[in-house]
Amino acid sequence: METGGNGPPKPIWNIVMVSAIAAGIQFGWALQLSLLTPYVQTLGVPHVWAAFIWLCGPISGLLVQPIVGYFSDHCTSRIGRRRPFIAAGACLVAMAVFFVGFAKDIGHRAGDSLDNPTKPRAVAVFVTGFWILDVANNMLQGPCRAFLADLSGNDHKRMRIANGWFSFFMAIGNVLGYAAGSYSNLYKLLPFTTTAACDVYCANLKTCFFIDIVFLLSVTITAITTVKETPLKSNGSLDEGEGGSSEPFIGEIVTAFKTLKKPMWILLLVTCLNWVAWFPFLLYDTDWVGVEVFGGKVKGSSSEQKLYDDGVRAGALGLMINSIVLAFTSLGLEPVSRLIGGVKNLWGVVNFILAAGLAGTVWITKVAEAWRAKQGPQILTSPPTNVKIFALTVFGLLGIPLS
């Protein structure tokens, strides 16, 4: 099946195959979001510094996606414009995940002491791998979305369908990733992951990443071998139409901002504020459940550490519920938007749902703190069922605006 930038829309199965790559991408993201903030703290990185490590995501998204998008638009490879970048991104993700998962082992072999709570060499390996991982994820995701636009053939309805399938497979990846992260005995599948430097929690994370590598490479290879592209000619045209632009990359960006209308600026501003709200939750969601809801500590008594681990796994379960809601909501966006008077009304409603859900985290924290105060500091038990249900409900509710 040949594809071109401005040709007629391609069969839905082409869109589904390419969209499936999102499941592989999001599987890794789910593992990052649910497990890596607690993991970073086991390396000796202070809680407050974890946020700085996560800055690589927004920074790489800001820089990498536009640059990769520009070069993929102008790529004249004989195998197509998008597929070389998708293949390279998948390989980089596999390499980066290896560094992240084996950071403790590499650090220990390089001289980190097992008795020292701070492991500087492991931190260096982890941060390097983490930045490569975020760059690779953005390098992979941008061309995937552009490929879907090519397959849609400038048909706006087909593009909405493609975005719906992409969101659906993101949700599938989330469900698989969070389910893997919430299961504490997954490391038994690969016993060699447990080492002197890597305890059960670390081995579980390592096993999850091995599964992620196999899954991502499988869906990527399947997609890029079954869905073909028409190569871009050296003069910037496709066999099925004209594509590309001779305007320099920076010039395209400047021109785009100059021509934006006021409604688009408002849309971008609200989207910016959306992500200002989203990122703290995505960064600390499982950590919030472990510390604020369950009352555990990363570095405390054995009982406090157990509470924290139980909370992290409960948070991973909440994220899995969030992804299930995301999957069903993604497929229902088109009919629901028609039912309530259009996409604009739908977008407005879900922004209010986002605000209500995030405000609910504050209320749940206060309820959990009040319950622990009644029990007394000497009693270390998980919160009552109603508090857990409230927390999981917030996770599920936030799947609606995330779609």
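Including glycine, each Cβ sits where the backbone N, Cα and C put it.
Keep in mind that TrEMBL annotations are predicted by a computer and have not been checked by a curator.
As recorded in TrEMBL:
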- 12-31: transmembrane segment (TRANSMEM)
- 51-72: transmembrane segment (TRANSMEM)
- 84-102: transmembrane segment (TRANSMEM)
- 122-140: transmembrane segment (TRANSMEM)
- 161-181: transmembrane segment (TRANSMEM)
- 209-227: transmembrane segment (TRANSMEM)
- 265-284: transmembrane segment (TRANSMEM)
- 314-333: transmembrane segment (TRANSMEM)
- 345-365: transmembrane segment (TRANSMEM)
- 385-402: transmembrane segment (TRANSMEM)
* To do: Please give the sequence-distant neighbours of the transmembrane segment (12-31): residues at least 6 beyond its ends with Cβ less than 8 Å from one of its Cβ atoms.
  => 1, 3, 86, 90, 93, 97, 133, 137, 140-141, 144, 147-148, 151-152, 158, 161-162, 165-174, 176-178, 180-181, 205, 208-209, 211-212, 215-220, 222-223, 226-227, 319, 323
* Asked: Which one of these stretches, 122-140, 161-181, 209-227, 265-284, 314-333, has the most C-beta pairs shorter than 8 Å to the transmembrane segment (84-102)?
  -> 122-140
* To do: Six or more residues out from either end of the transmembrane segment (385-402), which same-chain residues have a Cβ under 8 Å from its Cβ atoms?
  => 171, 274, 278, 281, 285, 289, 293, 314-315, 317-319, 321-326, 329, 350-351, 353-354, 356-358, 360-361, 363-364, 367-368, 371
* Structure fact -> Residues outside the transmembrane segment (161-181) whose C-beta sits under 8 Å from one of its C-beta atoms, at least 6 past its ends, are 12, 15-16, 19-31, 34-35, 144-145, 148-149, 151-152, 208, 211-212, 215, 313, 316-317, 319-320, 322-324, 326-327, 330-331, 333-334, 399, 403
* By Cβ distance under 8 Å, which residues at least 6 away from the ends of the transmembrane segment (314-333) in the same chain are close to it? -> 30, 33-35, 164, 167-168, 170-175, 178-179, 181-182, 285-290, 293-294, 346, 388, 391-392, 394-400, 402-403
